Every structure is written in C-alpha cells, then in structure tokens.
Amino acid sequence: MKQAIITKVFKFDAAHHLPGHRGKCARPHGHSYRLEISLRGLLNMTPGRSEEGMVMDFDDLKKLVNTAILEQIAGSDTFCHQGGMDHNDLNALTGIRTTAENLVHWIWERLIAGGVSEEMLYRVRLWETENGYVEITQDER
Ligand SMILES: Nc1nc2c(c(=O)[nH]1)N=C([C@H](O)[C@H](O)COP(=O)(O)OP(=O)(O)OP(=O)(O)O)CN2
Ligand SMILES: [Zn+2]
C-alpha cells in the first residue's frame, strides 16, 4: 500500500508578546508567520475519483486549515466569533504564552478539533522569523 507525506504552506500576519521575556519580545510586536502543515496517509486508490492518487486534495487541506485556525476558528463558541490567527492578537486569541513552541501545540489541537484526522496529522512547523522555526510531530505530542 503506497503512502506519502503531503505539505501545504500558509502565511499569516499576527501580533503577540511574551510577558516577562528578558528581551524585546516582552513588548507587543508582529510576525509574518509561515506555517507548514503535513499529513501522512495512504494514496486513494479508487479509480475515477477526483482524489485518485492523492493522500488528500491540497485544496481540501487548505480549506480545513483556513477554517480551523487561520481565517476563522470553527467548532467552538469560545473562538468562532474572534476570527482566526491571521491579523489577530495571538495572546488574546489563544490565552496561552505565545512562544512558537506553545503555538504549534495549540495549532495541533485546533486542527484536530477542526476536523483534521489525528491519524494523518504528521507535522506542524511554524516559522516565526525567516531564520527560526519550531516543529512537532506525533512524537512530541
Ligand atoms: N525558543 C524560542 N525563543 C524565542 C521565541 C520563541 O517563540 N521560542 N520567541 C521570541 C520572540 O517572539 C521574538 O519575536 C523572536 O525572537 P528572535 O528570533 O530573536 O528575533 P529576531 O528578529 O532577532 O530574529 P531573526 O531570526 O534573527 O531575524 C524570542 N525567542
Ligand atoms: Zn515574537
């Protein structure tokens, strides 16, 4: 049975700060985040289907991620009226200390809550700047 890992890249702008940080990140500032979402799974082998030969259609993955975390937060009364991560204050939106490490775990949880298959979610990688990223896979969960 053939498997593959597929990755879709997203970009969003957001504000955050790290209370108590020893440096500049204690003050409110913004990042142009780059988010990479990877799924691992079997290739669909049903002849004639639109998804034949795919793990998941890239377009479906894009819609899931946009709805689950970026443009609006689906599936929760707490979040759905606050928009998504794009053009938002991540401290206010998430209620967590918004290190990139904490954010990738938050993103993982929101993706699962938003309908992404837990079995298929393979890696979440978040670039905070052009030079620094954090990633988690199922091993870090
Ligand atoms: N392990 C972590 N360290 C830092 C985090 C983090 O989330 N995890 N976050 C910050 C700040 O958010 C800060 O905005 C980014 O810091 P830094 O990478 O030092 O910023 P630069 O603009 O200097 O980044 P370059 O990659 O050198 O352009 C701090 N540390
Ligand atoms: Zn920052």
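Numbering starts at 1 and runs along the chain as it is shown here.
Keep in mind that glycine also has a Cβ here, set from the backbone N, Cα and C atoms.
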Per TrEMBL, which one of H16, H81 shares the Zn(2+) site with H29, H31?
H16
For E128 (active site, charge relay system), identify the closest of the recorded positions H16, C25, H29, H31, H87, judging by Cα separation.
H31
Other C-beta atoms within 10 angstroms of the C-beta of H87 (active site, charge relay system) total 13
